[in-house]
Amino acid sequence: MGSSDQEFSTPPPASRQFGITKPISTAGPTETDLKRTIELEEFLVDAGLHEISEEATKREEVLGEIDKIVKSWVKQLTRQRGYSDQMVEEANAVIFTFGSYRLGVHGPGADIDTLCVGPSYVNREEDFFIILHDILAEKEEVSELQPVPDAHVPVMKFKFHGISIDLLYASISRLVVPQDLDISHGSVLYDVDEATVRSLNGCRVADQILRLVPNIENFRTALRCLKFWAKRRGVYSNVTGFLGGVNWALLVARVCQLYPNAVPSMLVSRFFRVYTQWRWPNPVMLCAIEEDELGFPVWDPRKNPRDRTHHMPIITPAYPCMNSSYNVSTSTLRVMMEQFQIGNKICEDIELNKAGWGALFEPYLFFETYKNYLQVDIVAVDAEDLRLWKGWVESRLRQLTLKIERDTYGMLQCHPYPNEYEDPSKQCSHCAFFMGLQRKQGVKIQEGQQFDIRGTVDEFRHEVNMYMFWKPGMELYVSHVRRKQIPSYVFPEGYKRPRPSRVICQQLVDKTSGEDIGEECEGGSSERRLKRKGDADCSGARPNKPEKRASISPTHEKLPTTDQQDHEEVIFNDSVDVRANSLKDLMAVKGIEDCVEASCGNDKDDNARKLANGSSFLECGEASAGDLFCNSEMIKVDLEQFAGSNCTIVGGSQELVDDDKQGTSPETEHLKNGSAQNAKPGTWSGPRSSWKCDC
């Protein structure tokens, strides 16, 4: 193993300044702080965040076996390329670790980030991704082997004896790699390409972090706590546009520098206090940015125009210094700032003995926060294809967020949720991701305002389908669902949480303001504290039967007055042609490979049970949801079987036209031509695979 795995000694905190500024406070802990720290550590242990000794031993054994494999691999290549016997004997490769394992904050089941450093004549493109790949593929103990050569940091992913490994490779400009190589020394960067620099950077950054914090153990406890918090609150995912492990480590390390004598309970509280007040895009840095004669680009917004566009710069402390959080968008930054504020308020309550540590780690109620969501369904023939396909799609989801922000000029905000969900009822391999949608808060809605993202979604799907390892059966579907139509499989209990009854709402009226009541009765999270005009209806004035809201049509000059803030129109692209009003009384539409389902809920509203002349496209209630079409081929539906359900038939897909019974009225002719103009308010319109709803 590499020399960077040695343990750093903890320097005395009062002997030197840590970071680029003086500390905010050098005060040490009180007895109360020490007591809270003990309670926090006990909570983390009870939460199962520490691995048992047997698993730790197994990890060390796995790393030892991988180290033997790469050493044998390099010797084999050295011999094949005609080097002398002495060179073959001295040929070497060294394994280093980085990430959570190197920092000492990994938990049970966590992967191990590893780096293999090899000699100059062993390259990444062929030797690593082909020859070493084939060697690993033949090992019985290796499973789920997945090369990702085109990633920003090329990586080979696999499981070794069930332990997940992310293996990088760096070829340095030496014929022989010494076993005691000091990877933190700048000489390893001589005469290497930028992909190698990025591969080396993870280990160099981890070592620097441990050198730059005043107390390593306090840093580790605080980081373990805040990573757990970030996962519970849905903001732990670099690939989705939030923050990953190294980002959270850098943020926590900076707080440790600002409060060098603080214990973990103090550091967690100060973390939220600092970052609720941080003025982004001012960068977070653990040390000054170094420039070197090697000439690699470093983060510098004065020289690099692209660096000026970064929203939440968190700069790595090792040369070349980079922004580790370039994936963050305006939407994800907004979400994280909201979560920082919530965390800060809870920590204030903990310090006042009004709450315990458990309150800080309450899971985020994502599916009760927004009224509208995008559902991204990923489908493949089998589990192995799904794993590959899902990894690619997930890596591109951030682009969908950025494209929606771009095409709506930031007026439609996206909240991508990093958790993935699986529908166990599907016969095909399936998983789904969700995005919350809302218009930008505090902006006055304009009459006839529309957010047309059909082209945006089409562009995203086209880019995703360029996957170089695509196979038949790998499909992607993007659809729109409203809060009350979220599929039940996303909920831990397998069913939706019941909304508070009107009696409960009335009791809440007596205790809280209407500003909070609206969210409780609407099923939204009380964390948002957003006041709506319709909040007063929660006290019992709302009718028993849900009213259908009218969407904004170009032909309408006036907006609805009820719940006005939530009625701008959003036009979505969707692969689902039949949508459900309710999850009750599901009706299956059998299709190819029994993988096509649709559902329509029954309601007592007789006025909603009608068929419009000249129609062929199902419109079910309010922007209603259904299960996806797993097969790209459209299925013709017998419209008569939907009679009596809460569905209205409107013009739409030509593939669903009943030519024998229905003609084409002037009102629906434009829909067959793919135009959404002159559509009736409150109806889906547009060509097949596109539709709109009120938002």
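Any Cβ shown, glycine's included, is placed from N, Cα and C.
Per TrEMBL, region 'Disordered' is recorded for 1-32 (among others).
Residues or ranges marked as domain 'Poly(A) polymerase nucleotidyltransferase' in TrEMBL: 19-213.
Secondary structure of the domain 'Poly(A) polymerase central' (218-362) per DSSP (helix as H, G, I; strand as E, B; remaining residues coil): 73 helix, 6 strand, 66 coil. Sequence annotations record features per position, and here TrEMBL assigns domain 'Poly(A) polymerase central' to 218-362.
The average per-residue pLDDT of the prediction over the domain 'Poly(A) polymerase RNA-binding' (366-425) is 92, rounded to a whole number. Annotation comment: TrEMBL describes 366-425 as domain 'Poly(A) polymerase RNA-binding'.
Residues or ranges marked as region 'Disordered' in TrEMBL: 515-567 (among others).
Residues or ranges marked as compositional bias 'Basic and acidic residues' in TrEMBL: 525-536 (among others).
Sequence annotations record features per position, and here TrEMBL assigns compositional bias 'Basic and acidic residues' to 544-567 (among others).
If you look up TrEMBL, you'll see 656-695 (among others) marked as region 'Disordered'.
The compositional bias 'Basic and acidic residues' annotation in TrEMBL covers 659-672 (among others).
In terms of DSSP secondary structure, the domain 'Poly(A) polymerase RNA-binding' (366-425) contains 28 helix, 19 strand, 13 coil.
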